[in-house]
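Asker: As listed in Swiss-Prot for this protein:
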- 30-37, 147-150, VAL176, 184-187: ATP binding site (BINDING)
- HIS37: active site, proton donor (ACT_SITE)
- GLN61, GLN153: (R)-pantoate binding site (BINDING)
- GLN61: beta-alanine binding site (BINDING)
Amino acid sequence: MLIIRNKQDLKEAILKQKQANKTIGYVPTMGFLHEGHMTLVSHARKETDFVVMSVFVNPTQFGPNEDFDAYPRDEAHDAKLAEEGGVDILFVPTVEEIYPTELATKLHVTKRVSVLDGADREGHFDGVVTVLTKLFHLVNPDNAYFGQKDAQQVAVVSGLVEDYFFPINLRIIATVREADGLAKSSRNVYLTEKERKEAPVIHEALLLGRELIESGETNEAKIVQVMTDKINEQPSHENIAYLALYSYPEFTPVTDWTKGIIIAAAVKYSKARLIDNELINVKRR
């Protein structure tokens with residue numbers, strides 16, 4: 001595995017693979033890798049000839065009340081997992097490499113962000129599409145791999161790729177879970193022992209919501225209340241940041257229960273905010 005830190009070296013390495021008619025699979029991450037990330041790598045390994053992973057904690061997607069400096073980082077750990085997983089290039093740029101000067105033009109997401117994390121984290125998805133536009137141009141992948149757990153981000157990135165004609169096939173991979181159903185996340189390390197024991201209730205509640213919808217229930221308030229009651233059976237969380245249903249990928253109110261729907265949850269614990277979701281009537285690409 002080659003570790004690359006600057007743009008020019010990356011572009012030259014990618015060009016060499018393109019000239020050899022190799023397909024490129026790309027897994028963008030913010031590091032602190034876990035099994036969920038490595039599942040994305042596994043799919044990329046199977047479906048493309050050459051796998052690129054980036055590890056970059058992107059400052060433009062952190063809000064004023066979010067601690068960019070406190071985000072967990074462990075490059076040695078990430079490099080070890082990436083190499084073991086079959087990554088060919090690990091791109092680990094500095095902030096200065098990606099943002100050498102103040103941006104003269106800025107991207108602004110106008111749809112799919114007025115609810116959930118988009119509502120709570122103003123400007124967050126603007127930062128996501130900004131950095132991905134830069135990284136997509138540098139890596140020039142055939143396939144890019146994202147996890148379903150970040151479903152709103154996936155919807156936003158899908159819009160970016162469609163709007164700006166990126167010749168990239170987005171591959172959306174099912175959420176990787178612990179044995180008890182908790183979605184794998186870098187933030188799980190912040191849970192106390194009691195919180196970790198109770199956190200799987202988030203997924204249990206989402207499955208209850210799925211079951212109700214698939215059995216024909218269309219009373220949104222009832223569905224949300226059933227899920228809320230389920231989560232509140234385990235009292236270690238501080239609050240439920242959101243628990244909601246929307247059309248997917250539009251993130252508008254549900255009007256047709258036979259089309260794509262997302263049930264999304266965010267639950268705040270003492271030192272971690274966990275998100276999870278279930279997609280209904282949605283085909284992953």
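Cβ coordinates are placed from backbone N, Cα and C, and glycine is handled just like the others.
A description of the local structural setting of each listed feature is requested, covering burial, neighbours and distances.
Answerer: Taking Cβ-Cβ distances under 8 Å and a sequence separation of 6 or more, the neighbours of VAL176 (ATP binding site) in its chain are GLU35, GLY36, THR39, GLY147, ALA183, LYS184. DSSP assigns VAL176 (ATP binding site) to coil in the three-state reduction, outside any helix or strand.
The Cβ neighbour count for HIS37 (active site, proton donor), using a 10 Å radius and every protein chain shown, is 26. Annotation note: HIS37 (active site, proton donor) sits in a helical segment as assigned by DSSP.
Long-range Cβ contacts of GLN61 ((R)-pantoate binding site) within its own chain (separation 6+, distance under 8 Å): GLY123, HIS124, PHE125, ASP126, GLY127, VAL128, VAL131.
GLN61 ((R)-pantoate binding site) carries a helical DSSP state (H, G or I).
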Asker: Would you find the one among the binding-site residues MET30, LEU33 whose Cβ has the most company, meaning other Cβ atoms within 10 Å?
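Answerer: That would be LEU33, with the most Cβ atoms nearby.
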Asker: Measure from the CA atom of GLN153 ((R)-pantoate binding site) to the CA atom of LEU33 (ATP binding site) and give the result in Å, rounded to a whole number.
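Answerer: Here the two Cα atoms lie 18 Å apart.
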Asker: From the Cα of GLN148 (ATP binding site) across to the Cα of HIS37 (active site, proton donor), what is the distance in angstrom?
Answerer: 11
Asker: Going by DSSP, is MET30 (ATP binding site) part of a helix, a strand, or coil?
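Answerer: MET30 (ATP binding site) sits in coil per DSSP, no helix or strand.
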